[in-house]
Structure formats: structure tokens, C-alpha cells
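Chemist: Mind having a look at this structure? Questions to follow.
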Amino acid sequence: MNAHAPTQPTLCLLRLPHGAGIALPAYETGGAAGMDLRAAVAEDQPLTLPPGQRALVPTGFVFEIPAGYEGQVRPRSGLAFKNGITCLNTPGTIDSDYRGEVKVLLVNLGEEPFVIERGMRIAQMVIAPVTQVAVREVETAGETTRGAGGFGSTGVL
Ligand SMILES: O=c1ccn([C@H]2C[C@H](O)[C@@H](COP(=O)(O)OP(=O)(O)OP(=O)(O)O)O2)c(=O)[nH]1
Ligand SMILES: [Mg+2]
């Protein structure tokens, strides 16, 4: 039983042919926020990401995100710190109506080429609730104390 069990929705996963043998995305610890995603690159064709380059890395699964939720694809801090590997579009947005393969857009911001092997845990996915709002155009925006101040207007200390 994990920390979030009482209200747990179900994530349905469709395994694609090239995802055969890849471990299901999983929470590595009981209280983990994200499920680790693995690279479904070919066993005999690891993907080398040279410095400054990006690549779409397959996960091998279609994710059926429950209605009312989104999937956020986020970097793993270890890969970012040790190797400069991050998600270019972080957090990647997986819509609940998307039925294609989830892919991870990695970029190498490090100085060395990075080799992505089959089954490597390359990113993590957080499932988060989303609200779709009604959109309405207005003539004036409601007054606030902040007003138009932003981008550092409140200072640093
Ligand atoms: O890191 C990502 C980001 C997106 N997607 C998939 C799922 C998502 O539902 C879809 C569309 O993503 P997004 O809306 O970010 O991209 P877009 O450029 O706006 O494409 P679209 O016009 O298809 O919405 O692409 C991924 O597999 N990985
Ligand atoms: Mg879009």
C-alpha cells in the first residue's frame, strides 16, 4: 500500500511491440511523486546524445491518463546533475486524450556524449489533476494590490 492509496485513480498502459520486456513505469519508493520512465531504444542500438543535441526517446507505452488528470514528464535530478541530461520541454505535458506513444524529449547540456541504453530510467512522470476553465474576454481586469508589478517587483530580500 502506498502513501496515496485512498483516492488512487488507475493509469492504464498499452504496451507497444518495441516495449516488450520493458518494466512498467513504477514509483521507486512508497512516497515517490513520479513514476520512472524507461528508454525503449533497441537493445543493440543504444542512442548516443552528443553535447548540445536533443532526441525523442520512446518509452514503449501508450498511457491512458485518467480524465481530469495530466501526465507531467520531468527530468531526473541525478541525470541532470551528473550528466547534464534534462527534458527540453520540462514539464512535458501528456494529455488525457493522447493515445500515441509517450516519448521523452531529452537534451544533453553536459560536455560529454551520453549513451542511452534500453531499459535505462531516463525521466519521471507525475500524474496531476488539471482544471479546464471557461474562457471569457472582458473589458477591464480586476484591481489588485500587485497591479502590473512582476518580474522582481517585490525585491529579493
Ligand atoms: O514530452 C512530451 C510531450 C508531449 N507528448 C505527447 C503527449 C501530448 O498529449 C502530445 C502533445 O503535446 P503538446 O501539447 O505539448 O505538444 P504540441 O506541440 O502542442 O502538439 P499538439 O499540437 O499535438 O498538441 O504529445 C509526449 O509524448 N511527450
Ligand atoms: Mg498541444
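Along the chain as shown, residues are numbered 1 onward.
Placed from the backbone N, Cα and C atoms, the Cβ positions cover glycine too.
Owing to the predicted nature of the structure, the values given are computational and were not obtained by experimental measurement.
As listed in TrEMBL for this protein:
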- ARG76, SER77, GLY78, ASN89, THR93, ILE94, ASP95: substrate binding site (BINDING)
- 23-155: domain 'dUTPase-like' (DOMAIN)
Chemist: Provide the three-state secondary structure of ASN89 (substrate binding site) computed with DSSP.
Modeler: coil
Chemist: Tell me whether ASP95 (substrate binding site) sits in a helix, a strand or coil according to DSSP.
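Modeler: Note: ASP95 (substrate binding site) is coil by DSSP, not helix or strand.
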Chemist: Under 6 Å from ligand 1 by C-beta, which of these binding-site residues make it: SER77, THR93, ILE94, ASP95? Sequence order, please.
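Modeler: Those binding-site residues that pass the cut-off, since their Cβ is under 6 Å from ligand 1, are THR93, ILE94, ASP95.
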Chemist: Sort out the sequence-distant neighbours of ASN89 (substrate binding site) for me: same chain, 6+ apart, CB within less than 8 Å of its CB, listed by position.
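Modeler: In sequence order, VAL73, LEU105 meet the Cβ cut-off.
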Chemist: ARG76 (substrate binding site) has how many other Cβ neighbours within 10 Å of its own Cβ?
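Modeler: There are 19 of them.
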Chemist: Calculate the per-residue pLDDT averaged over the domain 'dUTPase-like' (23-155) and state the result as an integer.
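Modeler: In the predicted model, the domain 'dUTPase-like' (23-155) has a mean pLDDT of 98.
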Chemist: If you run the three-state DSSP split on ARG76 (substrate binding site), which class comes out?
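Modeler: DSSP call for ARG76 (substrate binding site): coil, neither helix nor strand.
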